[in-house]
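Have a look at the structure below before the remarks.
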Ligand SMILES: Nc1nc2c(ncn2[C@@H]2O[C@H](COP(=O)(O)OP(=O)(O)OP(=O)(O)O)[C@@H](O)[C@H]2O)c(=O)[nH]1
Ligand SMILES: C=C(OP(=O)(O)O)C(=O)O
């Protein structure tokens, strides 16, 4: 199937992840780690339920993340020696050895499989990306079949992916574009309908 893809989902160690979201859990490290993990679990669960997604792997050096992902049937590939998000994604993509790879950010707790599927179809076999709701970041990057992922994540990644020749996809996919970096993002994701892991890990102010 032309649109079938294997996805790499990068997850930082939970004690370093989602620093901009720290205030959401009142500075409690245990609640913060639980929330960061829940975001990743919901993202991966939605990806696994997407018909055009053949396989999902995570790249992480956190044993707690690896154990929880294993419970979902998702392999955790250890972080490469070279640090950095793009290095982690290239390492995961190489390990997959698939015809077509993609990178999906691990902070999409409202992700709906139908919206991810629609984006895969809109890419129509091209190297393409989905900008976040602000239009500056990237939530999904897809290689062309047989092509390189060439990830350029980081500040202003949407512009970097566009300059590198990837096609920007702007579909009606709010759950795919709502990455959760801040409390404000979390509030918006809540209105879109959170996955069960994040719903169970929500801070008290949301209830
Ligand atoms: N494996 C791996 N994942 C990373 C790395 N850097 C970022 N990520 C993941 O990439 C995704 C997008 O990163 P950000 O949205 O900036 O998330 P973050 O770095 O946890 O958040 P902040 O600390 O607030 O910047 C998240 O799922 C991170 O866990 C890295 O060096 N290795
Ligand atoms: C790392 C990225 O995401 P964020 O803007 O969510 O940090 C990115 O878009 O490259």
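Here the Cβ of each residue, glycine as well, is placed from N, Cα and C on the backbone.
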Same-site residue for phosphoenolpyruvate (record: TrEMBL; known: 154, 157; options: 138, 139):
138
Where among the binding-site residues 138, 157 do you find the Cβ with the fewest other Cβ atoms within 10 Å?
157
List, in sequence order, the residues of the same chain other than 138, 154, 157 whose Cβ lies within 8 Å of the centroid of the Cβ atoms of the recorded phosphoenolpyruvate site.
137, 151, 152, 153, 155, 156, 158, 160, 161
Neighbour count, 10 Å Cβ-Cβ cut-off, for residue 154 (phosphoenolpyruvate binding site): what number do you get?
12
